[in-house]
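Notes follow the structure.
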Amino acid sequence: MIRSIDFELRMRTKRSKTFCRYDSTANNEEFSTEKVGRDKREDSAIKSGYTSNKYHQKRPHFSKTHRRLPQCIIIGVRKGGTRALLEFLNIHPAVQKASDEVHFFDDDSKYEMGLEWYRRQMPYSFPEQVTIEKSPAYFVTESTPYRIHAMNSSVKLILIVRDPVTRLISDYAQLAENKAKKERRVASFEEVVLFPDGSVNTNYKPVRTSIYSLYYTRWIQHVDKYATLDENGSR
Ligand SMILES: Nc1ncnc2c1ncn2[C@@H]1O[C@H](COP(=O)(O)OS(=O)(=O)O)[C@@H](OP(=O)(O)O)[C@H]1O
């Protein structure tokens, strides 16, 4: 059991002589490594901030830790502050986050790889810790409520929402920035959000994402099935 935020565990592996420290305050890492015997690959990965699960799979870990399917999932909403929420939760020593968005339930090609693949994307954790991942696309993807329920009907789901118009502007701004980086034409906000007669274009995906009721009603159909999703938790 991890008892406090300052609690540290240290391990020296025989093979690489890597010195590992459990640091629950670390930003992007389940484990921070330091000192003796790090191989070059590890050094450059740490320097560049590279923290993909592919790399984690090769990193040393404590003998009593395992990768576990998440008991808690932040399902959205995109641009709702999901990253900040995940990082805040991860400060708690009993929480272990997946660093990357896994997109297991909303991406058919990933879903087809099965739960064992999904489990392997998760961080190592102690038995008492809660594994958590966030993929904001889950909230708006049709197949996701059923798929998550099929994995675990008592998984805890967190939905964080934001003023729908502010969220739309934030979503548009990110998409526009991505397009600009690729030197593609960026349509104005009015162009994509409004029809010439001034009505709102609800076919534009960022607009649709902000119509929370479209998706909420889909999730609510599963509320009875989710034993732990009570009235407050589902908001
Ligand atoms: N604490 C807090 N309160 C209010 N808003 C916050 C907070 N933390 C992050 N943010 C804002 O959330 C936006 C990023 O949301 P996400 O992390 O969900 O983005 S993403 O969907 O993963 O891309 C992003 O919004 P924009 O600034 O409009 O881009 C963040 O500024």
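Every residue gets a Cβ built from N, Cα and C, even glycine.
Any TrEMBL annotation is an automated prediction that lacks curation.
Owing to the predicted nature of the structure, the values given are computational and were not obtained by experimental measurement.
Quick look at what TrEMBL annotates:
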type: DOMAIN; residues: 70-228; note: domain 'Sulfotransferase'
type: BINDING; residues: Lys79, Gly80, Gly81, Thr82, Arg83, Arg162, Ser170; note: 3'-phosphoadenylyl sulfate binding site
type: ACT_SITE; residues: Lys79; note: active site, for sulfotransferase activity
type: COILED; residues: 165-192; note: coiled coil
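Looking only at the binding-site residues Thr82, Ser170, the densest Cβ neighbourhood within 10 Å occurs at Thr82.
There are 21 other CB atoms within 10 A of the CB of Lys79 (3'-phosphoadenylyl sulfate binding site), with all protein chains counted.
Summarised as a single figure, the pLDDT of the domain 'Sulfotransferase' (70-228) averages 94. Thr82 (3'-phosphoadenylyl sulfate binding site) carries a helical DSSP state (H, G or I). Contacts of Arg83 (3'-phosphoadenylyl sulfate binding site) defined by a Cβ separation under 8 A and a same-chain sequence distance of 6+ are given as Lys134, in order along the sequence.
One way to see the shell of the 3'-phosphoadenylyl sulfate site is to take the Cβ centroid of Lys79, Gly80, Gly81, Thr82, Arg83, Arg162, Ser170; the remaining same-chain residues with a Cβ within 8 Å of it are Val77, Arg78, Ala84, Pro136, Ile160, Arg167. The maximal spread of the 3'-phosphoadenylyl sulfate binding site, taken as the longest Cα to Cα distance among Lys79, Gly80, Gly81, Thr82, Arg83, Arg162, Ser170, is 14 Å. Neighbours of Gly80 (3'-phosphoadenylyl sulfate binding site), defined as other CB atoms within 10 A of its CB across all chains, total 23.
Following the DSSP three-state reduction, the secondary structure of Ser170 (3'-phosphoadenylyl sulfate binding site) is helix.
Using a 10 Å radius centred on the Cβ of Arg162 (3'-phosphoadenylyl sulfate binding site) and all shown protein chains, the other Cβ atoms total 17.
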